[in-house]
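As recorded in TrEMBL, the features of this protein are as follows:
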- A:ASP129: active site (ACT_SITE)
- A:MET75, A:CYS76, A:HIS77, A:MET114, A:GLU115: substrate binding site (BINDING)
- A:15-151: domain 'Molybdopterin cofactor biosynthesis C (MoaC)' (DOMAIN)
There are 6 protein chains.
Amino acid sequence: MGDFTHFNDQGRAKMVDISDKEETVRTARVRSSVRVSKEIYEAIQGNRIKKGDVLSVAQVAGIMAAKKTPDIVPMCHPLPLKAVDITFEWTVENTYELIIDVTVKTKGNTGVEMEALTAASAVGLTVYDMCKAIDKGMIIGPTYLLEKTGGKNGDYRHDI
Amino acid sequence: MGDFTHFNDQGRAKMVDISDKEETVRTARVRSSVRVSKEIYEAIQGNRIKKGDVLSVAQVAGIMAAKKTPDIVPMCHPLPLKAVDITFEWTVENTYELIIDVTVKTKGNTGVEMEALTAASAVGLTVYDMCKAIDKGMIIGPTYLLEKTGGKNGDYRHDI
Amino acid sequence: MGDFTHFNDQGRAKMVDISDKEETVRTARVRSSVRVSKEIYEAIQGNRIKKGDVLSVAQVAGIMAAKKTPDIVPMCHPLPLKAVDITFEWTVENTYELIIDVTVKTKGNTGVEMEALTAASAVGLTVYDMCKAIDKGMIIGPTYLLEKTGGKNGDYRHDI
Amino acid sequence: MGDFTHFNDQGRAKMVDISDKEETVRTARVRSSVRVSKEIYEAIQGNRIKKGDVLSVAQVAGIMAAKKTPDIVPMCHPLPLKAVDITFEWTVENTYELIIDVTVKTKGNTGVEMEALTAASAVGLTVYDMCKAIDKGMIIGPTYLLEKTGGKNGDYRHDI
Amino acid sequence: MGDFTHFNDQGRAKMVDISDKEETVRTARVRSSVRVSKEIYEAIQGNRIKKGDVLSVAQVAGIMAAKKTPDIVPMCHPLPLKAVDITFEWTVENTYELIIDVTVKTKGNTGVEMEALTAASAVGLTVYDMCKAIDKGMIIGPTYLLEKTGGKNGDYRHDI
Amino acid sequence: MGDFTHFNDQGRAKMVDISDKEETVRTARVRSSVRVSKEIYEAIQGNRIKKGDVLSVAQVAGIMAAKKTPDIVPMCHPLPLKAVDITFEWTVENTYELIIDVTVKTKGNTGVEMEALTAASAVGLTVYDMCKAIDKGMIIGPTYLLEKTGGKNGDYRHDI
């Protein structure tokens, strides 16, 4: 049976000891999305030019949230983030889906999956917040790890 | 075309004025989920009794995140939360899916959708963090509003 | 058997619903202390005039910590603090003990015991931090509620 | 006379310069406690199995507070925490006392006494919060450093 | 001699008691500025269209900082902000000066001058941060209160 | 034309990659000021001895704000601050001006200008807050970088 690393002998969560782990450059790339109505899609796209850029607010929120990760995810170690980047793309077929890609980089003793996942979540939440006056039926996520590099356990790539 | 309420005349985001809105009891109920491997499912369920309860950590994370919402979602108003509750349920068919339900209540000038969505996201992130040593392929979300009550615009219920 | 109010039907902690509780003025008064060596006692007292006031730093820390209480104590409701005051007194007999008294006031739906206890703890921690280069044997606390007023359950006064 | 390191020439507190100090592994172990009534003791112990685990909430609070230490203790340096662990034990003689032991580890330029003391305080505060509906007469602490290792000044062990 | 309201009988700062003050709508309007080089002026103005909007990041920073005011200014009361808006204007004569205007609104027991001043400072800091790779000689401020309304002491208007 | 480093290919802000930059000791020295009325000047100076030291509160605020910089300035990297010091001086000619000097030191991959500027701003804001009951006409700033050392681009010194 798989075993958790986050629990002590008393069966209570701990912040696991990473003092022996190597300090290397580590990256994580995460994908999330927000499915929106046609009306919201057009408002976001149209407004970027004329009236206000929803995505630029969301992306600031994502970068700030990456830095807050150890304050949001209880057992997460504080890490010196070296880079955070967020890009957007639309998938417009029958539905209108905003694709959110987040890349985080550190040089530290443990990976930055949680930082990238947290940033992506905050981006989705902020898009929802800015557009909810138009329609509350938006769907945030699914959110998942695309890829990680660095660290003892080797690289990871999401199967598609 | 739908119109955003969050931008000022210069096309930049603002925190909208809610000083004229009525102070009423408002609730929001949100659903999220984490799809996990069979191995993680068994570890979470088995460990609750013996070795440490992943979900109790996740649920503390969710409640604390609800209180941090205005610090995570840039245009969100600070609100005096009056209650936060989180419940879990498993859907086990071909896949193993942890269903996360969050209810938030306030008495204030605006709704608590964002607080409930933020709490649900933090729960999912924490489950991921606690289980990622076993398998990194977990899927967080989709996350969406189930229902809201209170406020001028009336109640909302997600179409299923 | 005494019953906790902080757990839901699944046996997991929740932020209890206070939306029905009356909004009244509520106060709490808490006592803590730090037992220090003679050398630290003299350094604190002597320095106030000449070289730097340990207690003024500690007291700023206490007031700021009172405001952070819902971020430190997981199930605590955010409350609009209306006043925080901290006073110091020395008990010098065989030992050197700094007595810390904290009073917090709100007008809200629930009490401010936790805010006063958190402030008192932060004061003690800061005194320790500022003096630990001289001696690490200081003892923080005991910390306890002296008195509370306001709210449905009536006033409370610690038995001495 | 003992001399503070935390004040500048104008007699005002500063964050002392640690840039010349060696980066080594450092640990601190701290003890705190909460004295509770028999009723609370039985509720905590009984509920772990049936109705909700007070101590698991308190321990999450402690780990999160360790990370917030530089935000609570004004002159404290931010440090990359590498491990935090918290264990509980009961001393049941005439009184019912919950003993809280916290161990913190870093690899950095200065010690982690304050992180361990802050975590222990947050654990005590959270136990108080979760049980105060039953009885407000609990006593938090005394809280003190048991032991530290690493750093130029050598190890420290509390005299008993 | 003018008298401070923020000190207690022991000569140490306190959070003053506002529980008796009236809960009214209160606003504050603050002005700050950043003096930049011609090169930065042109980069900010040119980039809005083509390559990235410095001011939209700064304005998100300002709104988020307004909410963090009680965490930055020690004796500040937490207040339920109801609206924050920030506008920009350029004064281009011999120098290139970005004028920052911030308006904050609450319904509460005390004014929002500090929230508006804090937001304006964060805007200036963020503009500096985003442009410092081009030139570090920027000047932030002066920053001052233009106007406040609401509250017992009546309105205030800065003399020009 | 000057070029921003903080934007990605989509024209949205990112946290720039500093993982290749050298880890060296870096310092920044910043100056700010608060212009006050004669009445406030006399109250601050007189009270230090008798009734409460405004500047000691402001200086604690400044040091704590330095640590919060990445939480206030969106694209700022988290850095391990090694020292923060703040000194005050009065310029009393026709006006009464409190001069605030802040020095910050790190050993890291990027400079600490933003930390020093943020600390200086928080000092000014706190002085304003503590004195505003006497007169709201105070002027905070100008705030600017005096000097920086360390890092690839060499030292910087403000032209006077």
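Even glycines carry a Cβ here, placed using N, Cα and C.
Remember, TrEMBL labels are computer predictions, not curated facts.
Where TrEMBL records a feature, it is marked here on the structure.
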residue: A:MET75; record: substrate binding site; CB count, 10 Å: 22
residue: A:CYS76; record: substrate binding site; CB count, 10 Å: 24
residue: A:HIS77; record: substrate binding site; CB count, 10 Å: 23
residue: A:MET114; record: substrate binding site; CB count, 10 Å: 27
residue: A:GLU115; record: substrate binding site; CB count, 10 Å: 26
residue: A:ASP129; record: active site; CB count, 10 Å: 24
Fill in: Helix-strand-coil residue split for the domain 'Molybdopterin cofactor biosynthesis C (MoaC)' (A:15-151), DSSP-based
51 helix, 48 strand, 38 coil
Worksheet item: Cα-Cα separation of A:CYS76 (substrate binding site) and the residue listed as 'active site', in Å?
Response: 26
Item to complete: Name the recorded positions, out of A:MET114, A:GLU115, A:ASP129, that lie close to chain D, meaning a Cβ-Cβ distance under 8 Å, keeping sequence order and answering 'none' if none do.
Response: none
Discussion item. Pairwise over A:MET75, A:CYS76, A:HIS77, A:MET114, A:GLU115, annotated as binding substrate, what's the top Cα to Cα distance to the nearest Å?
Written reply: 12
Item to complete: Pop the Cα-Cα gap between A:ASP129 (active site) and A:MET114 (substrate binding site) into the table, whole Å please.
Response: 22
Fill in: Residues from A:MET75, A:MET114, A:GLU115 facing chain B - binding-site residues, CB under 8 A
A:MET75, A:MET114
Worksheet item: Using Cα coordinates, what distance in whole Å links A:ASP129 (active site) and A:GLU115 (substrate binding site)?
Response: 21
